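Q: Right, I'll just put the structure down here and ask away after.
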């Protein structure tokens, strides 16, 4: 009798697969690797998608003591920076008759135009630095700016003035103004254009006080150039100190790439850059040359120096009122309207021939052009997807647009030297500024709201 153990059938496994054999099989190995590769690729793409999504933050307060203190600090920065730059017409008139009298108007205009360019171009670094390190970037820039003012008081040669007022001061301004705009943009959303109008109006107040003070000290006193400029520097010190204390970032620092090259793939962003480039070519003509033009029309030198103060007083209202309207009717709409109206006003510059007409013209140009800087800043602020990138976007955009401010005034000075008048330069500047306004209108076609939208 067979043993019971022998009666238990042993299961047979046909075609047994050896694990070692599977590992050695190249087809199975390849399929396994392809599966793992696809899985890793999906994981990486999911991670990138998560990283590319803008972080969610609390809504901007749009008011309150802290937010408005930041705006006040930004206004103080613009008082000392763009307000000083807006006074270059007073400097140019003095240079032409004193230490740089052997230089042509276009050669001296290069100083102011380089300063304008550098204060926006250096935002290419100032904006990203603010996004990475917050308001800490403002303090060393404030010290550099005050140091440059004091150094300017010692300059008596062309290359010295070019280096200090054109290059170093422009760099310091860029590392102050762009971070100030970015800080205010973080604290305001629905009221952003109005808040930026308040900030940039500081340059208008500076453009009132500084030209009047300089004109009085340079033309109606025995202080001389050195002490006149030094007193202006002492005037700026408390404003700079105040801004260093109150201007702060609301959002945490951004730790990604220093620049955002993908921004230049946004049609809206590129059109805004092109628009402001053309506007910058034309808009600085009255700011640089209206005192010289007024003297050519037999106006007293001291009164001619006051024209810049009158112009900047009018631009105070031109920055604040359109800013309030921009939050209601569209930031891009108001910026485009300001650029077009400024171009039309520049066309009329050579028609102002009497003292009264020159004063009225200064008021009209001041109000119209007041919209441009604050309006463009508000328009740029709608481009980034994340509020943390506002400083970087503004710096990257204004750095290219500022090339218009670099080439415009010297080109206009060359026109004045060649033709001996201001008709040709007013026609050229008005036309180019008008073109910038129409490009701003075309920018609306690249927005989801389209051309009729309140954007």
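Backbone N, Cα and C atoms are what each Cβ position is placed from, and that goes for glycine too.
No curator has checked TrEMBL annotations; they are predicted automatically.
If you look up TrEMBL, you'll see 15-39 marked as compositional bias 'Basic and acidic residues'. Per TrEMBL, domain 'Major facilitator superfamily (MFS) profile' is recorded for 268-455. Annotated region 'Disordered' per TrEMBL: 1-45, in sequence order. Feature annotation from TrEMBL assigns transmembrane segment to 67-87, 107-126, 133-152, 158-181, 193-215, 227-249, 269-291, 303-322, 334-353, 359-383, 390-407, 419-442.
Tell me about the setting of these features in this model.
A: Proximity of distant same-chain residues to the transmembrane segment (67-87), defined by a Cβ-Cβ separation under 8 Å and at least 6 residues beyond the stretch ends, is recorded for 60-61, 112, 115-116, 119, 138, 142, 145, 149, 169, 172-173, 176-177, 180-181, 183-184, 187-188, 195, 198-207, 209-211, 214, 232, 236, 239-240, 242-248, 287, 308, 312, 373.
Counting only same-chain residues 6+ beyond the ends of the transmembrane segment (107-126), those with a CB under 8 A from a CB of the stretch are 81-82, 85, 88, 91-92, 95-96, 100, 137, 141, 158, 161-162, 165-167, 169-171, 173-179, 259, 280, 284, 288-289, 391, 394-396, 398-399, 401-403, 405-410, 412-413.
Residues of the same chain lying 6 or more positions beyond the ends of the transmembrane segment (193-215) and with a Cβ under 8 Å from any Cβ of it are 67, 71, 74-87, 89-91, 94, 180-181, 184-185, 187, 228-229, 231-232, 235, 302, 305-306, 308-309, 311-313, 315-316, 318-324, 326-327, 331, 334, 366, 370, 373-375, 377-378, 381.
Residues 86, 88-90, 92-93, 105, 109, 112-113, 116, 263, 304-305, 307-308, 311, 336, 339, 342-343, 346, 349, 358, 361-362, 365, 369, 372, 376, 379-380, 383, 393, 397-398, 400-405, 407-409, 411-413, 416, 422, 425-426, 428-437, 439-440, 442-443, 446 of the same chain lie 6 or more positions beyond the ends of the transmembrane segment (269-291) yet place their CB under 8 Å from a CB of it.
Residues of the same chain lying 6 or more positions beyond the ends of the transmembrane segment (359-383) and with a Cβ under 8 Å from any Cβ of it are 82, 181, 185, 192-193, 196-197, 199-201, 203-204, 263, 266, 268-269, 272, 275-276, 279, 283, 286-287, 290, 307-308, 310-319, 322-323, 326, 331-332, 334-335, 337-339, 341-342, 344-346, 348-349, 352, 390, 393-394, 397-398, 401, 440, 443, 455.
Sequence-distant contacts of the transmembrane segment (390-407) (same chain, at least 6 residues past either end, Cβ-Cβ under 8 Å): 113-114, 116-131, 174, 178-179, 181-182, 185-186, 254, 259-260, 263-264, 269, 272-273, 276-281, 284, 376-377, 380-381, 383-384.
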Q: Cβ under 8 Å to the transmembrane segment (303-322), counting only same-chain residues 6 or more beyond its ends: which ones?
A: 83, 86-87, 89-90, 93, 193-194, 197-198, 200-201, 203-209, 211-212, 214-215, 218-219, 286-287, 290-292, 294-295, 334, 337-338, 355, 358-359, 362-371, 373-375
